[in-house]
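Here the structure is laid out as structure tokens; the discussion comes afterwards.
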Amino acid sequence: MARSPESTMSRSIGTVAMRWHGDSLELLDQRLLPTEEHWMTLEGASGVAQSIRDMVVRGAPAIGISAAYGVALAARHAGAGDWQAVIRQAIEVLAASRPTAVNLFWALQKMGAVFEACTDLDEAVAKLADAAVQIHQDDLAANLAMADHALSVMAPEAPMSVLTHCNTGALATGGYGTALGVIRRLHEESLLNRVYADETRPWLQGSRLTAWELARDGIPVTLNADGAAAAILAQKDVRWVVVGADRITANGDVANKIGTYSLAVLARYHGVRFMVVAPSSTVDMGMASGAGIPIEEREGTEVREIRGIPLAPTGVEVFNPVFDVTPASLIDAIVTEKGAVLNPDAESMKALFS
Ligand code: MRU
């Protein structure tokens, strides 16, 4: 059986989003945090796809890793009959779970290539499990490398406070985190004064997940309503806004959690720098610009109510795009495990990613 990805962690993080057992995948149900820590056990690809759709697991890298484990589970439980059709169907179902984070399609493409090279089911079971664990381990390694690269970019302004949006931590990745990994590293190096965490309406990834993760690790965090971001940038010692990404296109445009674009505008106005931290599995060099990114819209109930409690008149029309696109011109640095692209544009992106 493949090694456990957690065993390769060079830094100990108290939080993980998923646990792989070879014949099942456990997901920490992020819908219930911070009040309840409940693990769901999945034994098939359709359950994993549903968990991604319902946001039991979320965050671009974690979605990709979970989908990879979903393909491995499809092979493990294929049984007698047309095992190749079962795995192909699993890949299709997983690909239909959420549209924006390209990590999902990147991971499924990698798993599909491994599958197509297998000649029998035993080989597919072993190789797909190994490939999924490898994707998980590589994501952890990428997170640690990104923190190093980001630190060299930020060091001249340190110590400092930062502002972040959504959740980009261990819960959203293979562990450690992208933007939150950078923030962890700043804290480890005693270069962080404080993190301001946008609550991130409507799903509240900031208040329910980021504040929870940071508080668990003793990292100084102040939670703020999204609308307070401008006042914070105007008044506090925030030098960088640091966020993750769901898809970065060939010209450096970035799709990320709704509200990221407005933060980038605010940061530029206030002379605060804006950093996007994401592994290269989030970079879609096949897409020319952010205009092509499919933006997921979720149900109006996410805005109209919270855990069944109405916050608005019943049935009021809601516009609920859950991602937006920040143009490259508002971004000071895109940091991946391959290095940092400063003032990203088509040319500088091509230099690092082609
Ligand atoms: O809808 P979500 O919670 O999956 O959205 C998550 C984000 O937008 C994150 O910022 C992004 O996926 C990067 S996570 C390292």
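In case you wondered, yes, glycine gets a Cβ from its N, Cα and C as well.
Predicted, not measured: the structure shown is a model, and the values here were computed from it.
Listed features, source TrEMBL:
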ACT_SITE  Asp246  active site, proton donor
BINDING   Arg58, Gly59, Ala60, Arg98, Gln205, Asn256, Lys257  substrate binding site
SITE      Cys166  site 'Transition state stabilizer'
Long-range Cβ environment of Asn256 (substrate binding site), under 8 Å and at least 6 residues apart: His165, Cys166, Val243, Gly244, Ala245, Asp246, Val276, Phe323, Asp324, Thr326
Around the Cβ of Cys166 (site 'Transition state stabilizer'), the count of other Cβ atoms that are within 10 Å: 30
Residues close to substrate site centre defined by Arg58, Gly59, Ala60, Arg98, Gln205, Asn256, Lys257, Cβ within 8 Å: Ile63, Ala101, Cys166, Asn167, Thr168, Ala172, Gly244, Asp246, Val322, Phe323
Recorded substrate binding residues, Arg58, Gly59, Ala60, Arg98, Gln205, Asn256, Lys257 - maximal Cα separation rounded to whole Å: 17
Arg98 (substrate binding site), number of other Cβ atoms within 10 Å: 21
Local Cβ density at Gln205 (substrate binding site) - other Cβ atoms counted within 10 Å: 27
Intrachain C-beta neighbours of Gly59 (substrate binding site), sequence separation six or more, cut-off 8 angstroms: Ala17, Asn167, Thr168, Leu171, Ala172, Thr173, Gly244
Secondary structure at Gln205 (substrate binding site), reduced by DSSP to three states: helix
